[in-house]
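Listed features, source TrEMBL:
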DOMAIN    37-286  domain 'G-protein coupled receptors family 1 profile'
TRANSMEM  20-44  transmembrane segment
TRANSMEM  56-74  transmembrane segment
TRANSMEM  94-116  transmembrane segment
TRANSMEM  136-154  transmembrane segment
TRANSMEM  193-217  transmembrane segment
TRANSMEM  229-249  transmembrane segment
TRANSMEM  269-288  transmembrane segment
Amino acid sequence: NLSTVSEFVFVGLSDAPEIRLLLFVLFLLIYLATMTGNITLLVAISTESQLHSPMYFFLGNLSLLDLLCPTITVPKMLGALLLEHKKISFSGCLFQHFSLIAVVGTEIFLLAVMAYDRYVAVCHPLRYPSIMNTKLCAQLALGTWATGLLNSLLHTSLVFTLSFCGPNKIQQYYCDIPPVLALSCSSTHSRELVILVVAGVLGSSACVLTVVSYIYILLEILARNSPGIWLKAFSTCGSHLTVVCLFYGATICTYVRPSFTYSPHRDRVVSMLYGMLTPLLNPIIYSLRNKEVKCALKRVISQ
């Protein structure tokens, strides 16, 4: 006689009124800054002819993902902080979960494609325009989005076809895999194993492509051994490496582990890192250090 859960309640936020107001203002400012930075970058990439190259095409896709990621979770969180409306329907939780996993998965594959792009730029500069042509770039971008969506479809079907008949309080501020699995009243071991295997295979494949690309870049730099080559390589690849380390670190800490190690308090901090701060920092780390992007942004802002 167990009833089926029809809605979930987020309990990952502070109940103290003064803290809620402070968090609301802080998260709203971070969200607005994230939207402003990524939208401005997208406008600059689409309108400035000097940024119409494969590197900036992929960077535009990254900015679009950085717009979607906080938009999926932050508005609901702000509503919970300001209006104390912490409930979400089962279907709403499913859609939020699917969208978030799709964006995170797509970004993992996109970062690997961007690493390959840097490899071609450094190791094959003369053949770069012919290798990274418009058709290949479009195929790579479409492939990353399609793989992210299919990966999310599998994960969401594995999680939300479980039975939810007891507790409905999610120890998080959005619907994520570990806290939702923790609420299921059916056995989750086999599905956790499938999720870990699929995520491990796809994630490790993207990680291996990224690492191999940078190994070849390093070997090319050592082989040339020309003056200023290290500085040039760092300016070309340093920002991407920083973004990769930040993104992979937060994602691995959250997803690549069994559910019995799930810690609500620690996971809220980690998820906040990749859910809000990473999309905010990406335009600064990856783009604003680039002279071409700086000049383009100045022209866009002045216009």
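Each Cβ is built from the backbone N, Cα and C atoms, and glycine gets one as well.
Any TrEMBL annotation is an automated prediction that lacks curation.
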Intrachain neighbours beyond the transmembrane segment (56-74), with Cβ under 8 angstroms and 6 or more residues off its ends: 27, 31, 34-35, 38-39, 41-42, 45-46, 96, 99-100, 103-104, 106-107, 110-111, 113-114, 117, 137, 140-141, 144, 173-174, 275-276, 278-279, 282-283, 286-287, 293
Chain residues outside the transmembrane segment (20-44) and at least six past its termini with a C-beta under 8 angstroms from it: 13-14, 51, 59-60, 63-64, 66-67, 70-71, 74, 77-78, 81-82, 276-277, 279-280, 282-284, 287, 293, 296-297, 299-301
